[in-house]
Structures are given as C-alpha cells and as structure tokens.
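J.: Handing you this structure, nothing more for now.
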Amino acid sequence: PSMTTDLANKPVQLNGTSKDAADKTSKDAAAVPENKANNCDEAQQQEAEFYTDAERYWATVEATEAGMMGGNDSLDEIEISSSRMFLTRAAELAGLRQLNRALDCGSGIGRVTKKLLLPMFATVDMAEVTSHFLAKSREYIGEPDASRVGRQFYCGLQDLTFPAETRYDLVWVQWVIGHLRDAHLVDFLRRAAASLSPCGMIGVKDNVITSRDDSEYDFDEQDSSVCRPRRSLLNLFNQAGLIVLLEETQEGFPDALYPVLSFALVPKGRCV
C-alpha cells in the first residue's frame, strides 16, 4: 500500500516485505494517539514524517505492474478476477444497477482502473500521490479506454477533496489505507460516503491481520505503512458511519503474504 494515494495498488506484503518481516511490536504510527507525543510539535512532526517517508519510498518505485504489486505481478490475474466477482456480488446487494462513475483511490499507474473498473464503469477518476505514476497512467491504460478516465487527483487521500457536483457509484480503495493515520482514514471514509450516489458503495481491499485478535498494528518501516487487525478495521468503519454489506477473503495468494480482505461498505441507515 501506498497510500496517500496508493501508492500503487500493491498486494499483501505490507511494503514489499513478507508478513513475517514486518515489525510486530511497533504500534502503528498511524494509530498512536497524538497525546502520546511529548508535545504538539512532536506529534505534528511524527505525522508529517509518516506521510513524507511513504511518498519518498514510492517515488523510487518503477511505474510498472511489477512496481505496483511489489514484485507480485504474477498474482495480477487472480487478484483482478476475484475483485470483479466481489464487485458484481456487492453491486447486486446494494441495488446498484447504473455503473456510471467510479473513483480509484491510490491508483498508481492505473492497474485496477484499467483491468477492473473501466470494464465495468463508464467513467473512472483516479487519485494518486506519486506524480510519475499518474504521468504514466494514460499510456499504460491505452486508447480507447484512456479517454474514459475522468479527473486525476494528484494528492494523498488525507488531502483529497471530493468534487461537490460528482456522485460516485463506487469509491474503490485498494492497498492504500495503511498509509493513512486512523483519524485521517475515518475522515476520508466519511467524505467518500458523502460523495456516493443513492445506491453507491465504498470498496476497501487491503492486507489485514487475521491471525490474532488484538489492537496492535504491524508497522513497515520500508514504505511507512501499517497493517491493521480486522477488528480494528471494523471499528474504524463503524466510526465513519458505515456498515459492511459484503466481506470476502482473497483466495489463491501465497501463505507467506498477509491475508487480503475485501469489504463493501454503505452508509448506516440505508435500506438495502
């Protein structure tokens, strides 16, 4: 994950490393309450470093499918196929029949935009924090599909402003939430929910800790990202005013990688 915009739709390795290589004792830099810092200045510095360290890492990654997937591009086909089936089931449950516009958050060069979203939606917007990924995206996607890419937002998800006039049928967030602090993730999800069409939904697909049931996050120093336990994620979704419409586990990935879970989220109170 890459976050702040995807940092590239990278899979299950928290950052290019296997799950066993991640620091199991570090409390997520994204989760440590600000009041744990000695003072406000230190807290602000920690937050800034969490994001800038991630941006520096992804600035060194090549703008290719292998770069987007942390060298696991051999898993591309099975990953996209699973996501397609998941989205089809989720759309049916949500009553989503008009697949007009989607937003790919942490889009990287557009691997998911090209292979998953454009075949399903009329228009796809992209949000990415790494400039050379976006610069490569239209060439990578290719015509005629590239002409159906709408807005491209060059920013981190913590800074993303959703256009007031746009309603998304899907906000897709893959392998990037680990680059957001908890408070920023909740705020982002709230803003994403406010941007949805009447039957729209948020899709989150990411590495998740399922082997233990605690509040400790795994922190990956290489790309400055975290992997959260499933229970913690569900709590954050709840804080954002969202309910889980559908949850599935990615099948067919090597055991050495983190489990990857997909969640279809809709606002509380919606009749589905």
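Each residue's number is its place along the chain shown, starting with 1.
Glycine residues also receive a Cβ, built from the backbone N, Cα and C atoms like all the rest.
TrEMBL does not curate its annotations; it predicts them automatically.
The S-adenosyl-L-methionine binding site annotation in TrEMBL covers GLY106, ARG111, GLU128, VAL129, THR130, LEU157, GLN158, GLN174. According to TrEMBL, the compositional bias 'Polar residues' annotation covers 1-16. Feature annotation from TrEMBL assigns region 'Disordered' to 1-41.
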J.: Here are the binding-site residues: VAL129, LEU157. Which has the lowest count of other Cβ atoms within 10 Å?
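T.: Relative to the other binding-site residues in VAL129, LEU157, LEU157 has the fewest Cβ atoms within 10 Å.
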J.: Using all protein chains in view, find how many other C-beta atoms are within 10 Å of the C-beta of GLN158 (S-adenosyl-L-methionine binding site).
T.: 19
J.: Please give the S-adenosyl-L-methionine site's span as the largest CA-CA distance among GLY106, ARG111, GLU128, VAL129, THR130, LEU157, GLN158, GLN174, to the nearest whole angstrom.
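T.: The widest Cα-Cα gap among those binding residues is 22 Å.
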